[in-house]
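First the structure, in the form of C-alpha cells, and then the observations on it.
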Amino acid sequence: LQESESENRLDGETASDSESKSEFGGSSPVPTSDDTPEVLNRALSNLSSRWKNWWVRGILTLAMITFFFIIIYLGPMVLMTIVMCVQIKCFHEIITIGYNVYHSYDLPWFRTLSWYFLLCVNYFFYGETVTDYFFTLVQREEPLRILSKYHRFISFALYLTGFCMFVLSLVKKHYRLQFYMFGWTHVTLLIVVTQSHLIIHNLFEGMIWFIVPISCVICNDIMAYMFGFFFGRTPLIKLSPKKTWEGFIGGFFSTVLFGLLLSYVMSGYRCFTCPVEFNNDTNSFTVDCEPSELFQLQEYNVPVLLHSVLGWRTVRMYPFQIHSIALSTFASLIGPFGGFFASGFKRAFKIKDFANTIPGHGGIMDRFDCQYLMATFVNVYIASFIRGPNPSKLIQQFLTLRPEQQLHIFNTLKAHLVDRGVLASLEDA
C-alpha cells in the first residue's frame, strides 16, 4: 500500500485526473505480476531485488540480441515478417490497455473494429509498397494488377465500411466514451503501423539503414542503463525517476562510438550496403550491387585542434560513418523521448509495463517505444540527404501507360535530348 501511495504521489495525480477516472467508470489499472521464469527466480533468490533485476534484464537482453543476429542472418524476407509480427503485437498491447481500462462499459464491436482498422491501414500502406518493389510480379498476375490499379479506391472503401460500422455501433449515454476509443484506435494505428511501414522502407534502402539505427537505440538503452546503474546520482526526468543524467550522458558517448565502429565494419560488405531488390527471374530478394560512394573509403583532413590529440593529419573512413554520427546522436538525445512518452502513457493508466511478454523488460512495445521514433527520423533523413530521383520507379510508371502515351513521352524526351546536344553526342560515340 505504501508503495502504491508513493507511486500515486510520484505520478502527480491531480483532482482532474480523479474526475476523469470516475468519468470512465473508475476502472482499475491493468494488473501486473512477476513474470520472471521460475528457474531464474531460484538461481537469483539470494540476491537483492536491485541486483536480481540487473541479472534478469542482462540475461534476457543477451537472448534478444542473439535472436536479432539470427533474423539478420536469415535475410530481408524474415526481417520484414518479424517487423509485421512486432507491429501486430504492439498494436495488441496498446488496444488491450484501452479494453481493460474501459471494459466496464462493454462497448460493442470495439475489438472487432480495432482489428478491422488495422487490416485496412496495413492494406493501404503495404499495397503501395508491394506495387513499388514487386512491380513486375504485380503486372504478371491479373488479380494483383487489378488490386494495384484500384488500390486507393479499395482502401477508402474498406475504411468507409469500418467508419459506418462504428457509427452504427454508437450506444446512447456512451457516445463520448466511444469516440474516445475511436480516437484511441486511430492514434495507435498512427504510431504503430506508420512507423513499421517506414522501417520496411528503410530496409529496402539497404540493410545497413535498418541495422545501424536499431543497434544504436539498443546500445544507448543498454549503456544508459549500465552507466545509470553504477554511476547514476542525478535524476533526469520526473516521468522516469530511475533515469539519470550520468546514464544519459554515458549512453550518448558510448552510442556515438559504437555507431562509428559498427558502420565501419558493415560498410565493407555489399550484403549490408546494397539496396534490397526483388529478382523477378528467381522470385527472390537480392542484395548485390556496385557500392555507391557512400560506402567507399575516402580520405578526410583531421581538424587542426585534434592534430595534437590524435597525432593524425588525415583519416580514412567511409562517408556513411559521418551519417552514422547523426543517427547515433538522434538515438541518444531524441530517441529516449519516445521512452519518456511511453512512461507518461503508462503512468497515466497506473501500469508498470505494456505487457509481460519479456521477463524483466515488459511488453514488446516497452522495447520498441524508441525504435518507432528512430524509424521516422531515418526515413526522413534518407529522403532529405541521401536518396535522389529513382529512375527504376519512373520506368515502372512509364510501362503502365498506354502505348500512345509512352510514344508521346519518348518523342518529348528525344526532342529535349537533341536540343541539349546529348543525343547527338551519343550517336557520334
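Positions of Cβ are set from backbone N, Cα and C atoms, glycine also.
Cross-referencing 67-89, 320-342, 366-388 with TrEMBL places the feature transmembrane segment at 320-342. Pairs of Cβ atoms less than 8 Å apart link the transmembrane segment (320-342) most often to 206-232, out of 109-126, 178-200, 206-232. 109-126 is the stretch from 109-126, 178-200, 206-232, 244-266 with the greatest number of Cβ pairs below 8 Å to the transmembrane segment (153-171).
Within the chain carrying the transmembrane segment (244-266), a Cβ under 8 angstroms from the stretch's Cβ atoms is held by residues 208, 211-212, 215-216, 219-221, 223-229, 231-236, 272-273, 317-318, 320-321, 323-325, 327-329, 331-333, 336, all 6 or more beyond its ends. Within its own chain, the transmembrane segment (109-126) is flanked in space by residues 88, 91, 95, 98-99, 151-152, 154-155, 158-159, 162, 165-166, 169, 178, 181, 185-186, 188-189, 193-194, 197, 200, which lie at least six positions past its ends and keep a Cβ under 8 Å from the stretch.
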